[in-house]
Amino acid sequence: MSAPILFPLSAPESSFTIAGRLFHHAWPVLVAQLLSMSMLIADTVITGRYGTLDLAAVAVGSGVYISIVMLLVGVLQAVAPTVAHHFGARRVDAIGPALQQGFWLALMLALPGIALLAFPGFLLELSSVPADVAGKTRDYLLATAFGLPAVLLYRTFYAFNNALGRPRALMMISFIVTSTHIPLAWALVHGAFGLPPLGAIGCGISTAIVNWIAFACGAGYLAHNRDYRPYRLFANWQPPRRRDLLALLKLGIPMGLSTFIEVSSFTLIALFAARLGAEAVAGHRVVANLAALIYMLPLAISIAILVLVGQAAGAREPARARATVRVGMGLTVGLVALIGVLLWVGREPVVALFSADPAVRAVALGLVFYICIYQIFDAVQTVAAHALRGYKVTFMPMLLHALCFWGIALAGGYWLAFHAPGREQSPTVAGFWEASVVATILASVLFGWLLRVVMRRPQNVQT
């Protein structure tokens, strides 16, 4: 029995057709990402109304939790290009085993992740978290640890479903999870519906519960959807295979580290910015939130590019892969540039939505220009990095991410903010954004160069 082919794999495609396929895949991913962001915002609002210590605990704890999860989830993203290549090559019998090995890897990665969440003492000491906040943070992280296996298993399903070009299920599951988490977290934190008020730990418990709900929905979808039957996903279950696991790790560890490098660089920038005072760090946070929100669009399109490039590479159709990169790059940069122009024109009312404090708004308005430029070049490097993942090239991109985000954005930003000529006595958070712009410009050049090299390889230029 042949697998259902979701996209044409051999017919010539126009740029409009490719753009349509990218939009078809990207918009459900974008909605799913925005729903996930709304859960983090909800946790902040819910605990903020409960108490300052609990809000601080969730702020610190969620930063630790997200860093650990993104590192491990990044490794599991290796399932996406692996399955996309199998799908493009119509290796139906290899698709089910690839998912099974991904699930095994998720369970293995859960062990060190649980240990870090259950015993975060050294991480909190490094951050110099006050004792009263640290206690609540430990409780929050311990609660989230119970849901870590579920979130890793679900993210394996997430990568698998993306690779097959079926992102709408991810959007629906994200809607279910978000609509469950918000009232559940409120009830657990504040003690509604007869439950005792738990404070910060309530958000952690709710996060763990909805992670298991997400995985249950994903597993149920795989088990009962007819389109997946040819892949025999749960039949002939295979034990962990050393060769397959090593292949996933070889591909996934650089992906996980790349994600961790980006996340940690912005986390550390926020910590360094805190030295500049409440107004500076609050203004930085406003602009960082805007940047994160805008980033969801190029990230969603880039995920679609990864999948379509991976499918084309697996099908040995390099012309289609190159066309996907070309159209995807133009589409993404064009949209982000438009958003940047609109943000610049409407910067004052947009910033006013985030803060009523004139001092905070003044800092944020002084930084808006930087993110308008930053987002354009960040979109270029994001598309290029994901296209390279579609070609199963991940190690060199990891090194480039380290150079640009740790070496320039973080280290260079620290120097520009605190030690650049004229700023020793009047440090400014703008230094970090100046360095970030330089870092993304360099990243866009280096990633663009590497992508061109990869696309010109003999196996990627045949027609």
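Here, residue 1 is simply the first one shown, and the rest follow in order.
Just so you know, glycine gets a Cβ as well, placed from its N, Cα and C.
Sequence-remote contacts of a segment are chain residues at least 6 beyond its ends whose Cβ falls under 8 Å from one of its Cβ atoms, and for the transmembrane segment (59-81) they are 40, 43-44, 98-99, 102, 105-106, 109-110, 113, 116-117, 120, 123-124, 127, 129, 133, 136-137, 140-141, 144, 148, 151-152, 155-156, 159-160, 162-163, 200, 204, 207, 248-249, 251-253, 255-260, 263-264, 267, 303, 306-307, 310, 389-392, 394. Taken from Swiss-Prot, the feature transmembrane segment covers 59-81 (among others).
Per Swiss-Prot, the feature transmembrane segment maps to 102-124 (among others); the stated evidence is sequence analysis.
Residues annotated as transmembrane segment in Swiss-Prot: 139-161 (among others).
The feature transmembrane segment is assigned by Swiss-Prot to 173-195 (among others). Long-range contacts of the transmembrane segment (173-195) within the same chain: residues 31-32, 35-36, 38-39, 42-43, 46-47, 49-50, 54, 154, 201-203, 205-207, 209-211, 213-214, 217-218, 221, each at least 6 residues beyond the stretch ends and with a Cβ under 8 Å from a Cβ of the stretch.
Taken from Swiss-Prot, the feature transmembrane segment applies to 200-222 (among others).
Long-range Cβ contacts of the transmembrane segment (251-273) within its own chain (Cβ-Cβ under 8 Å, at least 6 residues beyond either end) map to 63, 66-67, 70-79, 81-82, 105, 127, 280-281, 284-285, 288, 385, 389, 392, 394-395, 397-398, 401-402, 405-406, 409-410, 413-414, 417, 429, 432, 436. Marked as transmembrane segment by Swiss-Prot: 251-273 (among others).
Residues annotated as transmembrane segment in Swiss-Prot: 288-310 (among others). Panel annotation: around the transmembrane segment (288-310), residues 7, 18, 21-22, 25-27, 29-30, 33-34, 37, 80-81, 84-85, 87-88, 162-163, 165, 266, 270, 320-321, 324-325, 328, 331-332, 335-336, 339-340, 343, 350, 354, 368, 371, 374-375, 378-379, 382-383, 385-387, 389-392 of the same chain, lying at least six beyond its termini, place a Cβ under 8 Å from a Cβ of the stretch.
Annotation comment: Swiss-Prot describes 323-345 (among others) as transmembrane segment.
The transmembrane segment feature in Swiss-Prot is assigned to 360-377 (among others); the stated evidence is sequence analysis.
Residues or ranges marked as transmembrane segment by Swiss-Prot: 397-419 (among others). Cβ atoms under 8 Å from those of the transmembrane segment (397-419) belong to residues 254-255, 257-258, 261-262, 265, 268-269, 272-273, 276, 381, 385, 388-389, 427-436, 438-440, 442-443, 446-447, 450 of the same chain, restricted to positions at least 6 beyond its ends.
Marked as transmembrane segment by Swiss-Prot on the basis of sequence analysis: 429-451 (among others).
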*Residues sitting near the transmembrane segment (102-124): Cβ under 8 Å, six or more positions beyond its termini, same chain?*
60, 64-65, 68-69, 72, 75-76, 78-79, 82, 134, 137-138, 141-142, 144-145, 148-149, 152-153, 155-156, 159-160, 239-240, 245, 248-249, 252
_Below 8 angstroms Cβ to Cβ, which residues of this chain, lying six or more residues outside the transmembrane segment (200-222), approach it?_
39, 43, 46-47, 50, 53-55, 57-58, 61, 65, 136-137, 139-148, 150-151, 153-154, 157-158, 161, 169, 173-174, 176-177, 180-181, 184-185, 187-190, 228, 233-234
